[in-house]
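Asker: Okay, handing you the structure first.
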Amino acid sequence: MTIDYKKTLNLLDTSFPMRGDLARREPAMLKAWQERNLYRKIRAISQGRPKFILHDGPPYANGDIHIGHAVNKILKDIIIKSKTLSGFDAPYVPGWDCHGLPIEHQIEKKYGKHLPADQVRKLCRAFAQEQIDRQKADFMRLGVLGDWEHPYLTMNYAIEAGIIRALGKIFRNGHLYQGQKPVNWCIDCGSALAEAEVEYENKRSPAIDVGFEIIGRKDVCHPLAGVMAAEIPAGTRIFAVIWTTTPWTLPANQAVCVHPEFDYSLVSTSRGWLLLASELTNACLARYQLEGRVVATCKGLALEGLSLQHPFADRIVKVICGRHVTLEAGTGLVHTAPAHGLDDYFIGQQYGLPSDSPVKGDGKFSEQISLVGGMFVWKANDVVIDTLRSSGHLLHAEEIEHSYPHCWRHKTPIIFRATPQWFIGMQRQTAESQSFGESLRDLALRAVELTRFYPAWGRARLEAMIGNRPDWCISRQRNWGVPMTFFIHKEAHTLHPRTPELLEKVAGLVEQQGIEAWFSLDATELLGEEAQHYQKLTDTLDVWFDSGTTHETVLKQNIQLRHPADLYLEGSDQHRGWFQSSLLTGCAIDGCAPYTALLTHGFVVDGQGYKMSKSKGNVIAPQKIADTLGADILRLWVASTDYSGELSISDEILKRTVETYRRIRNTLRFLLANLADFNLAADALPPAEWVEIDRYMLAYTAALQNDLLGFYERYEFHQAVARLHHFCSEDLGGFYLDILKDRLYTSMANGIPRRSAQNALYHIVHSLVRLFAPVLSFTAEEVWQELGESAEDSVFLHTWHCFPDQSEILSDAQILIPRWQRLRELRARVLKQLEDARIQGEIGSSLAAIVEIHAAGEDFALLDSLGDDLRFVLITSEVHLQRVDDAAGEVIRVTASPHMKCERCWHYRQDVGSVPEHSSLCSRCVSNLAGSGEYRRFA
């Protein structure tokens, strides 16, 4: 009877499929997680563990999620899961930012701008909830585990009340004041904008040089004659020349500013005498196409107080001094309109200049303003320029392209406009201050010093922003927002003396009824007869205040969480957004940051490094990736990319990610298949009885796990994925598993050589499945179920794998890792010779070869120590080893084996057919099949 020896091999199978089919399998796994209430189970088993709190920066509840949202949520999920596996209680409470103009704008687009305010708020609330539901489903589809049933929403009544209470604390600590200052103003929004709501884009603007005539009397010496010690003929007209890219602001001009320490030249030209900064004189004359002669020079300080005639308004303005003046462009003399610029405002305060804005909120000049009354600001540019040209005050006009602030929502240029607003002061504190004895800026800068940054360059960036930022304008003139619940005296324009008490009473009402409680409130309910002297403030809070105070409204209120958080994680734009607003409110309330560490990730760009935009057609939606390739592919791409810079994505990049995933999946499948008949309880062996290469790989895997825990701890996920991929493809696939196949397939099923291998594979796969779980969450769960655990169990209910006999592993690591590292190097040299022989047609496969190795010294001793097991390491049928005196004599020769091929193990051996009953087998296979089985010590 002919024996089918293939059936005698240990060729096991697994239900873990080769193809992931992730797009189909993942939704079913999500459903199972929800039905088993996995997140709640994680919380239950984590009770009593040390906490790790990653506080979710709330995305805005408007529109579908994009690839940047996916990157952000996946990074957070990787951290939460790795911390859970590390033995922390790491809850994740997702949140949404719900108030603000973008949502209100959507309602206006759909219903028009004339709805009653209460109806607008009602529609905004409903719209925000719809957007949250859509975004939530998309985030969950990415495999992000969290308290999705109880997210925090800034429009929740309790949080709206908490925001008002946070405002009260900042007020009590003396950081809040009302002032009329220039703020970023969006004409389309009809409201002030926060710094974080401003984007800089290129804009073409008129750049003009304008002469302000220095006033002198014809019958007396010109005032500049004494200042500059110059002879100035009677009747000479002298112009102080300014340069500006905003001609429309000239109606608001109140002064011309010079730097007190710069040199200024009086220059005689055919257009009159001009006053210019000395360093810029030649450039200015070239621009004006004029010849000129410098008559005299002086320091800017000497010019202070000179009177100038406004070029078209009926008023006299003064020369003032300011250190914000630069010589980078222009003339060195700065047109100063305190209503339209912060530098102008601050210097104007020093000189008592008015800062009333002639421009209304709709971008039009007040009717009473001469020349441009009722005109839109951008149209006023041409009128101003034509007027200056006609009057002879225009020395030059051109159009330039420069970086200019735009509204982040409307993508339109903004203006700077002085309006009565409420500010959180960076330097000042009110007389009622109960704060920490330092300015808010100093508190914030000290808090930055105490914060850890990932990557490290984030510290300098945030420090620079805090060091240079103006006071924070927190008031807005919109409907859909948390109201600034202040009562203002109608005549004195001061806050009610019982403001802290009133704020708490209003917060109590809002907690029950939402923000509508304030808007519908009759002041007499709280003020009684005093109500006739007070009016309710109708301004709402900047939405950055909403999200910036979640450390008060969420971290301190949710019993799952803790203040301060261990980590805030957002995109790099949040240095001027949520990171900063949270820092400022945290310092204003508690004197410290609400976080101990900040992690910043870059923006997503296409394969060529271009920003994604619908107009370019290079947008890749995360929903499409999940629905076609699977969320685990998206997660693997995120984790594989160094998030500290830009993250590139394209179809080609995703294709490479899929290939990486396949290699990992195939490795896992091999491990699972070869553990199909393994039961740890029955088949466990103490490592001392294992084959040496198995002990080596156990020690190597333990060292790998230790390294990866470090990568996870330092948030270096791309390093972790690179190491894991290399481990699967090179350490396992290219080395260990390649060697192991012979022993797994041909040794006795219950023999020590095979069980030794399976013991090692058991620990390797249990380590790997956990190490991959934070990244490949769906695949890790699929592997976990295949390992035979309970259907109710999950990899996320466990911690990192605990290896057996830790002390023995450590000892093995010190000895076996360097020993086998050298063996792997020598093996690589032999494999190259085998491959060359195969390419040249000398052999068919490595098993058809005899390898002759001449080695010297320690290398000979190392190879010789393996005995006959060396052939299994080299995956060849026969090895002849010979000692030589030195490296010069070392050689590797490959020849074709003259022996017969064993039908079962495919080795070419001299003893094939030595047992008549199994005439096509080698003696090793006969022993494994019908005898006591082979013995392996090393491989």
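Cβ coordinates are placed from backbone N, Cα and C, and glycine is handled just like the others.
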Asker: Ranges 106-110, 356-360, 611-615: which does Swiss-Prot label motif ''KMSKS' region'?
Answerer: 611-615
Asker: Of the residue ranges 59-69, 125-135, 323-333, 818-828, which one carries the motif ''HIGH' region' annotation in Swiss-Prot?
Answerer: 59-69
Asker: Neighbour count, 10 Å Cβ-Cβ cut-off, for Cys922 (Zn(2+) binding site): what number do you get?
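Answerer: Taking all protein chains shown, Cys922 (Zn(2+) binding site) has 28 Cβ neighbours within 10 Å.
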Asker: Looking only at C-alpha atoms, tell me how far Cys902 (Zn(2+) binding site) is from Glu570 (L-isoleucyl-5'-AMP binding site), rounded to the nearest Å.
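Answerer: Between the Cα atoms of Cys902 (Zn(2+) binding site) and Glu570 (L-isoleucyl-5'-AMP binding site), the distance comes to 61 Å.
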Asker: To the nearest whole angstrom, what is the C-alpha distance linking Glu570 (L-isoleucyl-5'-AMP binding site) and Lys614 (ATP binding site)?
Answerer: 23
Asker: List, in sequence order, the same-chain residues at least six positions removed whose CB sits under 8 Å from that of Cys905 (Zn(2+) binding site)?
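Answerer: The answer is Asp742, Tyr745, Thr746, Cys922, Arg924, Cys925.
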Asker: Across all the protein chains here, work out how many other Cβ atoms are within 10 Å of the Cβ of Glu570 (L-isoleucyl-5'-AMP binding site).
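Answerer: Around the Cβ of Glu570 (L-isoleucyl-5'-AMP binding site), 21 other Cβ atoms lie within 10 Å.
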Asker: Fewest other C-beta atoms within 10 angstroms of its own C-beta: which of the binding-site residues Cys902, Cys925 fits that?
Answerer: Cys902
Asker: I'd like the Cβ neighbour count for Lys614 (ATP binding site), meaning other Cβ atoms within 10 Å of its Cβ, all protein chains included.
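Answerer: Looking across every protein chain shown, the total is 7.
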Asker: When you average the Cβ positions of Cys902, Cys905, Cys922, Cys925 for the Zn(2+) site, which other residues in that chain have a Cβ within 8 Å of that mean position?
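Answerer: After dropping the recorded site residues, what remains is Thr746, Glu903, Arg904, Trp906, His907, Arg909, Val912, Leu921, Ser923, Arg924, Val926.
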Asker: Per-residue pLDDT averaged over the motif ''KMSKS' region' (611-615) comes to what?
Answerer: 81
Asker: Could you tell me how many residues in the motif ''HIGH' region' (59-69) are helical, how many are strand and how many are coil under DSSP?
Answerer: 3 helix, 1 strand, 7 coil
